[in-house]
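Annotated in Swiss-Prot:
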| type | residues | note |
| --- | --- | --- |
| DOMAIN | 297-485 | domain 'Helicase ATP-binding 1' |
| BINDING | 310-317, 1162-1169 | ATP binding site |
| MOTIF | 427-430 | motif 'DEVH box' |
| DOMAIN | 516-735 | domain 'Helicase C-terminal 1' |
| DOMAIN | 795-1100 | domain 'SEC63 1' |
| DOMAIN | 1149-1324 | domain 'Helicase ATP-binding 2' |
| MOTIF | 1266-1269 | motif 'DEAH box' |
| DOMAIN | 1355-1550 | domain 'Helicase C-terminal 2' |
| DOMAIN | 1626-1776 | domain 'SEC63 2' |
């Protein structure tokens, strides 16, 4: 019999009560109307009055009672709980027990409130068994509350008989009751009394219910369709029936009535045709549905965050698509109607799907929909990894919550990816209440904080099924309730769904229960099939699909209903043929009965076939798993969930099917466009879980947070990420979580009483306590450092690793206890199996035999636990997984996969923990275990087993066990014989060639007695196969002690295909112990390949530790010397101070009163410039008229000195100061007149090489070398040669040359002094403490495993915090490694400023107009933005004006922060209170990787800390990798020993001396070497220079002699010297190399390629290949730009660099080639860095071309010389050879000379007159007068309006063109000399002889080539320069005439090297 709410229903009483609550509007309580279930009158009244259930809640007036207040204690009680109350009160003595418990709780000695204590204690009672409970209660309550503990233990069974919420209420009520036994009437009276008491209380005024515009529901309140949005519980929907049968109980919830939903019926559907082009393209149907139409205005036309709660199947995915299209639209430019230009690289969309299967479906759907826009959609899950390139190329990434958490929580995070996210879509957001909900909370909180900190827009969209408390979720997602919160009830479902919930009798899991479920499921299945429906039956294991199908067929046969399920004969026949070849017997068999199966274990083809058959109606019943519901869009008329017990391997047992799965499965019932009018969803469960699913489906429970249980791990993740650095930030972070929202709404659930929330509404103190407790836990586990004084957090390696690999803190605790550096494989496997991740792996009796079998068959390592423990079971399963043993039990197989999946992650974490702790053996074991799990192969197995080889071959290899070394030596035939299979030989040979192998070469360089530098070169030796090796291979490089116990150094090495043929170099420092170990071992191990390991032992047998004799000059307590000690009032007037500082006082006598050489080592900022000036004053006094040379290592330093001394010295003494650098080429007369020459090492080296012909070099009396410690750098050899050469010059000229070396403190000062010829009283080596402003130094370490960019990103927040701590209102200087980093650092600091109360805290400009004035002057956009926040930028990529503005504002303290590259430390004297060195590495193009900065650079940067006269102390903070901390700590304090690097580049320097005649034989070369620093250090540190065998004086000399031999051989190979025994003769090519300061290797490569008739393209290639361009930087990301430039260039890289010249796109010579072409084509360069790079390329190009012209002339290649001269003209003017030379003039556009039919070579060699035709030439224009030139300008510009300034400039340039009157020759001196001269026609030519080269970055002087030739034979060439004679400008030169050509008639050409001017004439020589 079926009636609505029958009296025998267990729910009837509460339903009755609920109805009365809903209908009581005035609450005038009548005792007769409140009754218990045995009062039939009231029940009948309820049954008749259905309208009462639909009555809306009215707003109560102030004088009426509020039911919520009256029944405060009962408001959250469900039906079952109230029934439990009644049952409990019927129990004898229950009240007395509860009363006593309540009394003892109130009297308990504890700091907790009674409410919290009661709940906490009861949770223990419910959670633990009696044995555990006693210990837990005593630990918690203590012995002082022993009575309470005893009472709880005694009555535990009674207490847990009722739900915990009921027990809490019973105890509270019992405290005030007296009777020990209550009748039913007593209970009723007590309820009424509570109501009466509540009635008399003063009530708060009722609040008005707010109506929200987008909440669409049938009822406002009173039913579940109206939703319990405030977290209340309501009854079932109207029309619900409940029926009871013998086998089951059934509740049917009718489908929603769409007819009464006005919003659904009358919503105007938006037509797709009315929408824009984007929507028309994506949506192929005519209209949007109701929900989509209502959501469209907000989803598509705003950027509001949104929450869309709607039934499954209502079209939420397309709503998500609308928001995606909106995002795409924002990054698109529409050109015309259908042309759309999308900025693909500027945005990312993240779609977070709950399951991988759903992610795959979304990817498939979105890919098709967005294909017209070329939008890439890819899956990023545990199964589908993406490479960095794929991530960059993808716009829409579909991922899972856990995967996106992993991506965003890593500090090495794909920061570019995260920063580009503009839309985050979270599907199934109702998962918040499940275990995975905490992950969603973490993601949203992290995203919201990122939005706030970065001030960037990330839109968040939440998609959900209907939620009970959706407003809370909306608040959590940051949704505006009035705009973005959408709720649609079940009536909006396109196909209404009838839900049938069946509770089958019998104990859950019992046989009876299973049989009842099978029977009931069949009955429902049969019923639906009879209606003509197709049905999906969902089961919960793959095996169960077939089992259920067979069971249904069996029941159908027994009921004679087989024909009911029979498939349609036509469809059956159609698919029978397809199934004939199918191997799945089960599938074929059950198909005959109209059944199908579908699960993830089937082949994809079989799954696709099943789906197609179901769609076509060939099968009526499909038995499937839940993956079908999530992953495939395959609807059915009816879905049946058969059973709700799902095996969870994480918990090691069966759990309830999640509500999200139920909703998703039900969502497949009755999809639009398929089958019946309504859908049907049937759930078959056990009777005890029926109420649970009823409450879930009808949303009777609000969604609560699960975040609290994961707080410790999530806090660690945020600390490791760097987003939370202190307690306050952590409290703020918690405020973004859903837990915070619910804690305030429902505090009792979270252990918070109402009193606490009343006193602290924002729960600040509660959150603080939670954070502090969690932080203490992390601190105790050594995962973070928690300073409880400052409340700051510091991440540690263990915490970072735990965060990156998702380790639980409980597991970390276990590992801390069990990790052992000597652990074996068995120990490690036992430890892994004890992880808390495997606590849920429970032992079940039925699997004992299977486990025993697995233990016997597959366990290779001893198991430390019993098989019946979680640890023992996990261990066996893991070893079985590695051994690839088959597991038959499905639950055990699931457990095995779970264990293996998690073990990989845990092992990787443990490996990194071992590496970070420097445990060699442990790390090796862990890496082997990692690879074993990943490859499913034991580490001791043969490496070839990793390849896909036949079983018999594998078996043979395992039997013979040949080593890989042996196999690699065999040929294919021999390999075939080895495995007894000749055919397999070639395959094995191919496989072996692809097995990764790395060759290692190592060199050692002792630095000090305790530190050694190791240089290793790694050479890959295998064939790359993308199918095997993918895009990259990962290796670990370890340096271990000989016993492998201790790791001395480690690095991760990434090898990609393009680098396969390169040698990879690494440099690192290791400590040396005492006594010295016999050897260290360099080991390179593959990260993935088993057995792939290379080792190289470095023996210390012949190692000699260096002898670094030094001294530290102690600062004597002298009275400061007054400036009057100079005894020269003129000089004294220069100085603004009265006294020298202590360091200057100590050095004064030696420098000012003697002519002794001196070395002064002192920290930066200690006043060394004054020391140099003291030496200068002495030189002025002692050697008047002599020159002083000041050598600074950088042009910026030179400029600083020039500016300073020109202001300081020249006006006072009259002595001129001249700059001599590559940028400044002064007139020779200026150099001659100057007293002080300030230059760079390279420039002075080039000049002094020809000292015999340069008098000013011979006149030098003092050389000051600043920063001489740079000897150790690449430029150090130049300084060595200068010193050696000047000493040599001094010995030759007998004129003394004083040397002054200035440096920071060095640790081998005696060697430095000895080399400089310094005596004891001239040696000063002061410690860092002599600084006028004392320096505080901090060195902070960061994770070693981070790549460069993520590492820099990680440092930004610590930089910001350091500025706030150390320099909150004083200047701070931040040094970074690259120009790009200045920009990225500035942007991050701006984001962090945005989170401050005062975002402009670093800006000290109050006047907005003043700020705008500065901003208007700035060109760079980033600088313009950053200046508004008080942050300046300074690097070479900025234009000079931008740099000057930054410099000026920082100097004036208008801005507080300046971010600069390291060059600023050298070039600009700009001190600050705080200096932060952000990273100690920079990118080096030579090694295509990052290398450490020189210590000298770091010291120089640190030297900028502390402002004299402003600061009492300065602060310097160095951020580096953790492994480098000790290195910098040692050497930054002690000083670094300086070594020579001359031996690496001796070739060119020795060549220069050979050219000058200083060296004519090998003995002289050796003698010259004895003057060098190299000679001295080779004796004191022989091992560093490769001297191992014989380290005696004779042995060192022999080594240096062999060094000279090899150097001379190199020069000979370059055709630069001729060797005759010991004599050395320089060739002209060596003279050319030395004169133009280019490498002999450049000459060598040119001589290999040069020929006559070279093309323009060939010359351009030769120029690009010059060795001088080796160091042109190629930065990350420039390869793509180079490829694009190559495609757009005249000469592509592919067509130019062919055969032996083939070069990759990342080669600096290729970049040079492309930049030169871009310069000639005058095209815009893609990035600012390329502009500066082009300047560098052009700077070198002319010097190299001059050398090339001389080489070609020497070889007599006439045509090649002409081409090279043309190349020089083109480079200077920035045009191509066929462009009109006239068109380079001001105001004209480049134009080609048309209508020529000559070849390229012919065109280059044509004279201007030949080219002329109808065009004017430069020579003609140069002869015109002023008016004519104005007419010519109008003619050339076609009358287009140009500014007057441009016209004037055109005229001015034309009037100064170096047009000549002609060529004249005279012969003299016995006809041996031919004199040529000509003169300028223009009298307006400037005296500087500058020529117009507008596109060249430096000023160019007039220069002519005079070429004499006969036909194609080049006979003579001479460079001619103009000079002023009287009022005329004359070009004059003398040519030597060889005897053999006298009397010949020669053709002479005079060609300008910059302009298209050429003069030709024929002259016959006199015989």
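Each residue, glycine too, has its Cβ placed from N, Cα and C.
Panel annotation: around the motif 'DEVH box' (427-430), residues 307, 316, 320, 351-354, 358, 362, 440, 462-465, 467, 473, 477, 659-660, 663-664, 703 of the same chain, lying at least six beyond its termini, place a Cβ under 8 Å from a Cβ of the stretch. When secondary structure is read from DSSP and collapsed to three states, residue 316 (ATP binding site) falls in the helix class. When secondary structure is read from DSSP and collapsed to three states, residue 1168 (ATP binding site) falls in the helix class.
In this model, the domain 'SEC63 2' (1626-1776) carries an average pLDDT of 89.
Secondary structure by DSSP for the motif 'DEVH box' (427-430): 2 helix, 0 strand, 2 coil. Scored on C-beta pairs under 8 angstroms, the neighbour of the domain 'SEC63 1' (795-1100) with the top count among 297-485, 516-735, 1149-1324 is 516-735.
At the 8 Å Cβ threshold, with sequence separation of at least 6, the domain 'SEC63 2' (1626-1776) comes into contact with the domain 'Helicase ATP-binding 2' (1149-1324) through 3 or more pairs. Here residue 310 (ATP binding site) comes close to 291, 316, 464, 465, 466, 486, 487, 488, 492: these same-chain residues lie at least six apart in sequence, with C-beta atoms under 8 angstroms from its C-beta.
In sequence order, 465, 493, 663, 664, 666, 667 constitute the residues six or more apart from residue 312 (ATP binding site) in its chain with CB-CB distances below 8 Å.
Sequence-distant contacts (6 or more apart, same chain, Cβ under 8 Å) of residue 1164 (ATP binding site) comprise 1304, 1499, 1500, 1502, 1503, 1504. Secondary structure at residue 310 (ATP binding site), taken from DSSP and collapsed to helix, strand or coil, is coil.
Counting only same-chain residues six or more apart in sequence, the Cβ atoms lying under 8 angstroms from the Cβ of residue 1162 (ATP binding site) belong to 1143, 1168, 1171, 1302, 1303, 1304, 1305, 1324, 1326, 1330. Proximity of residue 314 (ATP binding site) to non-local residues of its own chain (separation of 6 or more, Cβ distance below 8 Å) is seen for 289, 291, 488, 492, 493, 494, given in sequence order. Applying an 8 A CB threshold to same-chain residues 6+ apart, the list for residue 1166 (ATP binding site) reads 1141, 1143, 1326, 1330, 1331, 1332.
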